[in-house]
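Pulled from TrEMBL, these are the features on record:
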- 313: active site, nucleophile (ACT_SITE)
- 368: active site, proton donor (ACT_SITE)
- 166-540: domain 'Glycosyl hydrolase family 13 catalytic' (DOMAIN)
């Protein structure tokens, strides 16, 4: 950890000495690309170390490829200033199309989109995207401040394009006015937005980014996104961006790949620069200009759009030279230290978190790391990665394994508790029962695994409550609540899964005849009072509202007092609440004794949340008017207990 901090410190010191500090270095998004000056002139700057010459062309000069050459500067940089027209207006009008023309070392002319482009669009009759100069006369003006930094994160993982029951690509406007109110009503206080950074291939789920500084135009304009974030802030909702700095699309016509005609611009050259499984390009994090590009990218999303932080995708791939391919992680410390660790990538992550925390301390960063790298969520000053949270990725895998492989009577209570509580002390984790990964085609959501084909025929309240539907509805609620309450310091849910969204998620592609049928979220199912989806939706809402009231996610880890294998009962205390789960497939209990932590006797307990309540599709077997009193009766090696 000392060596890692030393590497970070030397890199940071070098930035301060050569660039005037991290603040100035990460503000490069205001000078690179094509930027409008107040006086009407246009300043253009690119990094193309392998280019012989660079030009700017577009609508503004009748697509003359050579009329506006860049001037070559030091370290592979190129600059161009275009003075204002005689009328004092910009020579490059808002909405006009542009291209950077690169003369490669072999003399070939390459027409490229600037890596710093803010807006790219694709005409319906074209395959590739076009770069459009975005400089409206009046940009959207933010009206609301970001919410204060949250103690308890309840994250609603979202994709704007599928956020509609209709078979089409939904818009930022739709999300603003139709989806945000639902999220607020459900009790989530944070939205994590996927697939915002522009990606040419819609079915990539946003993970094959082509334009890092451009908000995806398939949902609307940059101002539409700014309004959406602003409205979320007005509701007290924090907004996180799913940022992809682990790799980039191999597209060259409308992506970063071979921008200057070489395979080493932004990326490692040769096989080291290609991800074998993802078929994408891998950044060279030791390169000065790559650091400038990525750090500036983070800062732009915060300062221009108002994002409140990031969920970093593919962190495991970044941390190791083997990218996690064909590698298992057992927790042995030899797996996390050695020559197989990509120190340059780790140093970039430390720099990124340091910059975000230093310039915007209210922002949150999350790591998607399956390896369990130690200290990833400890401060950079300790030699840690500097993240605030990491995803507890073992939890959804455990639920899938249990449901897929075990009979109900064979569920192991100790193993469930171990998986939910197995995390490093003082490294915060985000617990989730399932995310977008489980919803994708080829996999199944928990609801679909539990109820499968009967979801098509027996989810109506007018049809008999079959054993399959009954079991599925009850376990769906219990799995989410125990994950929420015991699994970590924050909670995440993928949109639609809160009400057991049927079927899977599949984007339009050749394999499904470009169909949008599965690329949508049927929120209308919860509005139909004749369908049982509303029960799951109501339980998810009240579960979140209970956490909002009592704050168990921000409380110290739970004390588990019981994991009874034959009774299939798990009991624990957290945030002054007593949680009791009966996972037995057919056995109920009366006068069941549970120990409590308090030394005070005759404490009165009442039911706060009951998965068996009728409003949640349960059987209402408990009387909510009942009061339960603790007594001085030793149980499970503790002095006091009560019977339920």
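Cβ atoms are placed via backbone N, Cα and C, with glycine included.
The two recorded residues, residue 313 (active site, nucleophile) and residue 368 (active site, proton donor), have Cα atoms 5 Å apart. Neighbour density for the residue listed as 'active site, proton donor': within 10 A of its CB lie 20 other CB atoms from the protein chains shown.
The Cβ neighbour count for the residue listed as 'active site, nucleophile', using a 10 Å radius over every protein chain in view, is 22.
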